[in-house]
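**Student:** As annotated by TrEMBL, domain 'EndoU' applies to 1-71.
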Amino acid sequence: PHTACPAFEWQQRIKRKASFFLRSSPAYDIAIYSLCFTLFRNENCPVQIDGESVTVKTHAKGGHIAEVYLM
């Protein structure tokens with residue numbers, strides 16, 4: 001899958017671990033991230049998309065999704 005890994009500033013802080021899929025729907029992204037959070041919370045989540053391996057990393061805070069990014 002095509003991905004982007006930009007760095008950006010958010011609330012006067014630099015965010016370095018941003019990443020997302022390109023050419024996919026937001027619903028698809030949320031589904032993948034939610035599934036990884038449910039099954040592999042705070043761990044690496046191995047995903048196969050169109051025959052390619054991707055690793056999704058999730059972090060929880062207070063039982064909720066704090067951040068999700070592609071590795």
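In case you wondered, yes, glycine gets a Cβ from its N, Cα and C as well.
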**Student:** For the domain 'EndoU' (1-71), give the DSSP counts of helix residues, strand residues and coil residues.
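**Tutor:** The domain 'EndoU' (1-71) comes out at 14 helix, 33 strand, 24 coil.
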**Student:** Quick one: mean pLDDT on the domain 'EndoU' (1-71)?
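**Tutor:** Reported value for the domain 'EndoU' (1-71) is a mean pLDDT of 88.
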